[in-house]
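Enquirer: The structure follows.
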């Protein structure tokens, strides 16, 4: 059975890309932005710490030298020159070292170390020491991390050298504390982002409703409408969707009404042509056959065999014309439909393919009617149901070369207060494909007929093979006569 020949709409290349979830995308990008911001702040704060210590180092070194010289002046007289008799006390720098990360080393004239101390004495873990080394490497190279000043006795004689440097372990510890603070800030921002995800998701909930409504609208639901959300942007979008859906519903109703009128007009024209052909041509052919029989009898009585043979050929030709005319009349308007009703007409229609051989075998066609028959189907709709089943059988037997066709019809009253007629035509034919028939205009016309009746058509291929045509038609009361004109 060939597939529906209605072409599918072209898909834009961008539509093939995976869709993004707006809420998750906002959370991911927000988390990435916060992480990059905190990382930048952390690097900047570390570099700022190192640069600040290097910039302040000369002034700090002068302050250290001043404190040490004042302490030496209190311990030594102006005439003492032996520095080893009165050792330099680095304890005087304790208050300063508690505030500044310093390493102070004292060297004698011969570069011998006579004292050293680094402060503060706070224990520094290995990660902080590693951070300190990184800061020492990141600091500006144009500023030294050590300053050397002369160590002078009260008499003004140089007794050694004061070497003041940055205690990078303590700077690394300070940087680690700032990084922990930034990490805590990041966790707070993450918690705030997660907390904001709920109102954001709630604010974006109408977008999911819009998508669901669009899917329902695409599926053919005409009455789908959206509630107006409080968010201004989404309110405008929702109102626009509702107006679009209303406009689409009105246009579809007009289109369906016009298509229904065209179908009704076409069937009326077929009925009229069938009646005219039956009344005029059929009667003329019957009269012609009668006249031919008279001519044949006279020819036999007068002994003219040539005339008798010609009369016989004319009679045979008239019989063939009458048979062809009956086929045309049946195609224009099924006589059994008007005489015996839809059920009997379908029984006769299903019996017709049994007389057509497919690869030397007769196809088996069965019909299952709903309990109580098809009395609920209006008379103006019966001919369309007949045409739908007729086209389905034609596609299955003639085009799909099916050996078995099953036609099942039932009435469904569960979804709509009005009944819905379900037509299911399944076959074991080839169906469309590399070896199957090419879809033609038959199913296109069938699709248009079903749409004009307000129904739906589905065509699929079962796993067991063959094709399956499913049609769903709402049964409506007959339209008033003025609506049909």
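Each Cβ is built from the backbone N, Cα and C atoms, and glycine gets one as well.
Note: TrEMBL annotation is automatic and uncurated.
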Enquirer: So which range, 113-134, 135-156, 157-178, 179-200, gets flagged transmembrane segment in TrEMBL?
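Expert: In TrEMBL, residues 179-200 carry the label transmembrane segment.
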Enquirer: Per TrEMBL, which of 7-25, 26-44 is transmembrane segment?
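Expert: Of the candidate stretches, TrEMBL labels 26-44 as transmembrane segment.
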Enquirer: Sort out the residues at least 6 away from either end of the transmembrane segment (179-200), same chain, that have Cβ-Cβ distances under 8 Å to it, and list them.
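Expert: Residues 23, 26-27, 30-31, 34-35, 38, 41-42, 45-46, 131 contact the transmembrane segment (179-200) from elsewhere in the chain.
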Enquirer: Quickly jot the same-chain residues contacting the transmembrane segment (26-44) by Cβ under 8 Å, restricted to those at least six beyond its ends, or write none.
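Expert: Residues 178-179, 182-183, 185-186, 189-190, 193-194, 197, 200.
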Enquirer: Give me the mean pLDDT over the domain 'HAMP' (201-253), rounded to a whole number.
Expert: 81
Enquirer: Using DSSP, how many residues of the domain 'HAMP' (201-253) fall into helix, strand and coil, respectively?
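Expert: Per DSSP, the residues of the domain 'HAMP' (201-253) fall into 40 helix, 0 strand, 13 coil.
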Enquirer: Taking DSSP states H, G and I as helix and E and B as strand, how many residues of the domain 'Histidine kinase' (385-477) are helix, strand and coil?
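Expert: Split into helix, strand and coil, the domain 'Histidine kinase' (385-477) gives 27 helix, 30 strand, 36 coil.
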